[in-house]
Amino acid sequence: MTSKNPKEEHPSVTLFRQYLRIRTVQPKPDYGAAVAFLEERACQLGLSCQKVEVAPGYVVTVLTWPGTNPTLSSILLNSHTDVVPVFKEYWSHDPFEAFKDSEGYIYARGAQDMKCISIQYLEAVRRLKVEGHQFPRTIHMTFVPDEEVGGHQGMELFVQRPEFQALRAGFALDEGLANPTDAFTVFYSERSPWWVRVTSTGRPGHGSRFIEDTAAEKLHKVVSSILAFREKEWQRLQSNPHLKEGAVTSVNLTKLEGGVAYNVVPATMSASFDFRVAPDVGLKAFEEQLQSWCQAAGEGVTFEFVQKWTQPQVTPTDDSNPWWAAFSRVCKDMNLTVEPEIHTAATDSRYLRAVGVPALGFSPMNRTPVLLHDHDERLHEAVFLRGVDIYTRLLPALASVPALPSES
Ligand SMILES: CSCC[C@H](NC=O)C(=O)O
Ligand SMILES: [Zn+2]
Ligand SMILES: [Zn+2]
């Protein structure tokens, strides 16, 4: 897959760099430019292009390669078009220039998360079409907005639309994470994001006095309980080499608010937490635990959810799942080592799994440090091109999975 002339850039890499230059950066992504780019790709590839506006200004773009057997469910290749903000001053190169250094590393926001995958899907489909292949199952590529801020104006709405139903998705691929070793990580589930704001109210007064029942003391108790729980989960992870990070529940204290002046004891203070609840945790009991930490801190301590996912799903990773069987067979044939894990963060896969579409999170980037959301996010062009090769093998296998019992 390398160019004949080593000085000449592979056209797939050139396309990737063009896409990286589109500023779809939160909080004001240029979605119009991304959609126009994708429409142009559809035109070049001879694919139909459907635009579904799920909310004003939020378009899901669907490129479709029809299969030969329309009675079968389809393969959905998902990627999000938005990227997270940058701290430009910490970058070695402009994050929207897609600079490639002399070694072949491409620096850009979205290089790993996840513009690489959008282009890999497109380039794998292009190659297979050029070679004259056709497969029984239809392949849809969905390009969705809003993932980086929760997908509420993206995939969450899209899965409820008749246009999504009409795709008849049987299986989906979505994003994963890079892996610094020789192996590839594949995600079969993810933790549930629970963003919790604890508010404590108490007696106010002069900062020079021993006031009883203050908001701060009670908030401190809740913070201590939650951070003790954090420590317990951390120890559980540390002490068991078989446990991966996604298998335990994490929590971070991410905001503290309250107070007006040094000498005024405030009547209200709040603490905000980012919990990521492991998929095997009983959610009702976990919420009761939160309730009891607040109650134990005293009167006037309450909590509210800013984000609360309650439908964790697991995509089976054994041969009872024909999609997994096809996926893992290709990896085996290509001599790729795969490490199945639970995603630590939240992706759009959760919306797909929740409506019954099995999904795997897979970003084919091995020997690559995990740099998503980080400064100097980058990807080596050879790893990128190898990813195109991998999808070029995966797609025929997935789109040729024989009719499932439910489809005959
Ligand atoms: C909980 S909605 C936010 C989704 C976000 N996803 C990617 O980073 C995350 O923080 O995991
Ligand atoms: Zn992402
Ligand atoms: Zn991200």
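A Cβ is built for glycine as well, from the same backbone N, Cα and C atoms used for every other residue.
Just so you know, TrEMBL annotations are computer predictions that nobody has curated.
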Among Glu148, Glu339, Glu341, Glu407 - the residue TrEMBL places in the same Zn(2+) 2 site as Asp113, His373: Glu148
Co-listed Zn(2+) 1-binding residue [TrEMBL; alongside Asp113, Glu175] among His80, His140, His206: His80
Intrachain C-beta neighbours of Asp113 (Zn(2+) 1 binding site), sequence separation six or more, cut-off 8 angstroms: Val83, Val84, Glu175, Ser363, Leu372, His373, Glu377
Env. residues of Zn(2+) 2 site, Cβ within 8 Å of mean position of Asp113, Glu148, His373 Cβ: Val83, Val84, Gly110, Met114, Leu372
Rounded Cα-Cα span from Glu147 (active site, proton acceptor) to His80 (Zn(2+) 1 binding site), Å: 6
Secondary structure composition of the domain 'Peptidase M20 dimerisation' (189-298) [DSSP: H/G/I, E/B, coil]: 43 helix, 35 strand, 32 coil
Neighbour-count leader, CB within 10 A, binding-site residues: His80, His373: His80
Remaining residues near the recorded Zn(2+) 1 site, that is with C-beta within 8 Å of the centroid of the site residues His80, Asp113, Glu175: Ser79, Met114, Ile117, Glu147, Glu148, Asp174, Thr347, Ser363, Leu372
